[in-house]
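Q: Shown below is the structure under consideration.
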Amino acid sequence: MSSNCTSTTAVAVAPLSASKTKTKKKHFVCQKVKLFRASEPILSVLMWGVNHTINELSNVPVPVMLMPDDFKAYSKIKVDNHLFNKENLPSRFKFKEYCPMVFRNLRERFGIDDQDYQNSVTRSAPINSDSQGRCGTRFLTTYDRRFVIKTVSSEDVAEMHNILKKYHQFIVECHGNTLLPQFLGMYRLTVDGVETYMVVTRNVFSHRLTVHRKYDLKGSTVAREASDKEKAKDLPTFKDNDFLNEGQKLRVGEESKKNFLEKLKRDVEFLAQLKIMDYSLLVGIHDVDRAEQEETEVEDRAEEEECENDGVGGGLLCSYGTPPDSPGNLLSFPRFFGPGEFDPSVDVYAMKSHESAPKKEVYFMAIIDILTPYDAKKKAAHAAKTVKHGAGAEISTVNPEQYSKRFNEFMSNILT
């Protein structure tokens, strides 16, 4: 089962030292007739399928309340001898959306307009991420970096069905104010007889603010260091021991710490009730001063390049990059933010460092990987690790109640 795969379900804007395109002009070709052009057939089918299902849903009235059958429902379409747009789409494919009414309701509760969601997934091809789970889990972001698309296993799909009703009820009760993953859609794509399952969530990290350092924290210290291979990446995912050895702290202030831990405790208690464990707190850190310095350097280079190309007359325009065309209502009216500023309705997991902190930072924090039930396989792994490391060791495969308690305690200690 895929439950042994730990992975990062957020994709950051890479540090500018690695990718110097933040303020360069980006050109996204947006045709009136969508061509769903992507680098591989599976992504073209995803774009086509989401476009199709959202269009179909727009003709279905929003019910007063969801019914039990909505949590078992699906819509599927089989396309044969597809001649239109054959240079981009395979001639035969199948697309299935799970629980369409439920996920539409969840998108609404998370403040995501269906038109915005459709545009983000279909306007330009999703982007591959270098984040990858140990079992080959694949991550992509939508072109505007608002949503993460993750491949999952059929077991994960089954587990989603198991928890979806209670998850939805929890989201209703907390009014969408949660650190849990925001599940927005779940699909099965069949191309050349191969089935691929995908789940779409809101990106934990910002589409705009660069993440300079990130951590996957479980509250366990056994075998919880980033590998040398991981550390060689432009933006490695560090782990618990790396965090502790660096003496890292998240300096948010007393009030923000109290509010965050209350929300975390409520979310984690819910996961323990569902017998779910092995989740992580994903943490991204945006260094405001470093970002300003990188921005200035890139703007200077861009200005020099553009002024060389355009002549002296273009000088005033050279200082400003052009953001990509943006989906529907969320970004119809551009808003200009100062350094380290963000829109809390978009960057819902963001939190500023306290005014007294030695460095001005923005933290992005959310719970990820919640589709791991405490089943027989986990119990066996726990027994094996206990034999190897001893009963007192902080291993990650404890039971859900122990896991949640240890998780809360660890997170309480790293916030200040």
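Backbone N, Cα and C define each Cβ position, glycine as well.
Remember, it's a predicted structure, so these values are computed and weren't measured experimentally.
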Q: Which one of 29-35, 64-70, 204-210, 316-322 shows up in Swiss-Prot as region 'Required for interaction with PIP5K1A'?
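A: It is 64-70 that Swiss-Prot describes as region 'Required for interaction with PIP5K1A'.
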Q: Express the predicted model's confidence over the domain 'PIPK' (38-415) as a mean pLDDT, rounded to an integer.
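A: Looking only at the domain 'PIPK' (38-415), pLDDT averages out to 86.
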Q: Just name the most isolated of the recorded positions Lys94, Lys150, Arg202, Lys214, going by other Cβ atoms within 10 Å of its Cβ.
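A: The recorded positions Lys94, Lys150, Arg202, Lys214 were compared, and Lys94 has the fewest Cβ atoms within 10 Å.
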Q: So, three-state DSSP: helix, strand or coil for Lys214 (ATP binding site)?
A: strand
Q: Hey, what's the widest CA-to-CA gap across Asn203, Val204, Lys214, Asp369, the GTP contacts in the record, in Å?
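A: With Asn203, Val204, Lys214, Asp369 as the binding residues for GTP, the largest Cα distance is 16 Å.
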Q: Select the most exposed residue of Val204, Asp369, where exposure means the fewest other Cβ atoms within 10 Å, treating these as the binding-site residues.
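A: Selected from the binding-site residues Val204, Asp369 on minimum Cβ neighbours within 10 Å: Asp369.
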Q: Counting across all protein chains shown, how many other Cβ atoms sit within 10 Å of the Cβ of Asn203 (ATP binding site)?
A: 25
